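Inspection log for the structure reproduced underneath, given as structure tokens.
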Amino acid sequence: MTASTRYRPLRIGPFVSETPVVLAPMAGITNAGFRRLCREQGAGFYVCEMITSRGLVEKNPLTRRMIAFSDDESPRSMQLYGVDPVAMGRAVRIVAEEGLADHVDMNFGCPVPKVTRKGGGAALPYKRRLFEAIVMAAVDNAGSIPVTVKMRIGIDDGRHTYLDAAQRAVGAGVAAVALHARTAAQRYSGTADWSAIARLRDAVPAEIPVLGNGDVFSAADALAMVDRTGCDGVVVGRGCLGRPWLFGDLEAAFAGRPLPEPPTLRQVAATMHRHAELLEEHMRTDADPTKGIRDMRKHVAWYLKGFPVGPEVRRRLGLINSVDELDELVSALDLDQRFPPEADGPRGRQGSPGRVVLPEHWLDDPDDVTVPLGAEMENSGG
Ligand SMILES: Cc1cc2nc3c(=O)[nH]c(=O)nc-3n(C[C@H](O)[C@H](O)[C@H](O)COP(=O)(O)O)c2cc1C
């Protein structure tokens, strides 16, 4: 059996990607410019930054600005966050009626204390009936738009919620279930437990795609995740930070083709230039013309991880205010350098595990459907 017959295209509702890959929603990262850069490398689903149901319902101008898709983006995947079935239903109805997106993914995986403290994100699936009501409200108002959920294993090792939550989400009519195979207590630390993805694949009806997420940093990792868990697609987050060509590697690997050579620094420089241009184009406003290039600074650090650049150049790259400045600093480097093997592996958030901060009495009654107070964030972006 060749690789290309071993791996199947990924279907989410009516949408099909020959390469079973999803760009993970990442707040502050997966804006329209970054998604376009990734789409230029390889096929897949590319999900936007998190949008809050409240921001949509209250017509928050920042939220509206964040819902930006390129003309050629298809499907337009939007991630929504919410804790209130009524607000979520109204938000999804707005998306459907105003044609704001073609696919809605729901965030039940955020481990940030400011979110879980209020009962949102990864804290929410523990309240199983409330979780179910939110998902139902989304699906019922989505019309023909497919709705998916993205969640974690549970709150901590004593409270795994993913199997129950997946059954409820499937019962509510979701088109796919994605699992970041860590608990909220793990945050981004340690390693993802892919065996949970395999258990989820076994527990969910075969016609509902299960998407595996956590620690896919290379094409080999992606194939290994599918081989070991039987999942229908992989969701890639930190692995593509400073390495958008990973999507080209993934396309080749899933099609059974040899991987492209890793880029030289000259090719990395060209990708950084393109990325900076796209961020400028998509983020600049008259009031803040350098917003895009300032956002690029963190990406430059990821791109250059492992390259011997020197502290002074790194420092100056951290202060760039234009694409020209970026190009000038980079052009002084030895551009024929090969991609350093030590640049492989994790990047972006890692951190350490910690106790999950929850609202008082949150764990007392998993069947309580009271909407947690103050957990509806107004601002989008996570
Ligand atoms: C900077 C950053 C922002 C993130 N923002 C979101 C978000 O808005 N919504 C979400 O569901 N997950 C978010 N995540 C989690 C990722 O989607 C993904 O589940 C996680 O990084 C694990 O995948 P990885 O090991 O491939 O990085 C974020 C992760 C990072 C690193």
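One is the number of the first residue shown, and numbering goes on along the chain from there.
Every residue, even glycine, has its Cβ placed from backbone N, Cα and C.
Look at TrEMBL and you will find Cys110 tagged as active site, proton donor. Cβ neighbour count for Cys110 (active site, proton donor) (all protein chains, 10 Å cutoff from its Cβ): 22.
Under the heading FMN binding site, TrEMBL lists Pro25, Met26, Ala27, Gln79, Lys150, His180, Gly237, Arg238. Take the CB of Ala27 (FMN binding site) and look out to 10 A: across all protein chains shown you find 17 other CB atoms.
Under DSSP, the residues of the compositional bias 'Basic and acidic residues' (338-347) split into helix, strand and coil as follows: 3 helix, 0 strand, 7 coil. The compositional bias 'Basic and acidic residues' annotation in TrEMBL covers 338-347.
Cβ atoms under 8 Å from those of the region 'Disordered' (338-382) belong to residues 27-28, 49-55, 58, 60, 62-63, 66, 81-85, 87, 107, 110-113, 115-120, 122-124, 126-130, 133, 155-156, 159, 184-190, 215, 217-218, 237-239, 241-242, 262-265, 268, 302, 305-307 of the same chain, restricted to positions at least 6 beyond its ends. Residues annotated as region 'Disordered' in TrEMBL: 338-382.
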Determine, to the nearest whole angstrom, how far the Cα atom of Cys110 (active site, proton donor) is from the Cα atom of Gly237 (FMN binding site).
13
Counting only residues 6+ away in sequence within the same chain, which have a CB under 8 Å from the CB of Pro25 (FMN binding site)?
Val47, Cys48, Glu49, Met50, Gln79, Asp105, Asn107, Lys150
Taking the Cβ of Arg238 (FMN binding site) as the centre, how many other Cβ atoms fall within a 10 Å radius?
22
When a 10 Å sphere is centred on the Cβ of His180 (FMN binding site), how many other Cβ atoms does it contain?
28
How far apart, in Å, are the two Cα atoms that lie farthest from each other among Pro25, Met26, Ala27, Gln79, Lys150, His180, Gly237, Arg238, the residues recorded as binding FMN?
17
Would you count the other C-beta atoms found within 10 angstroms of the C-beta of Met26 (FMN binding site) for me?
22
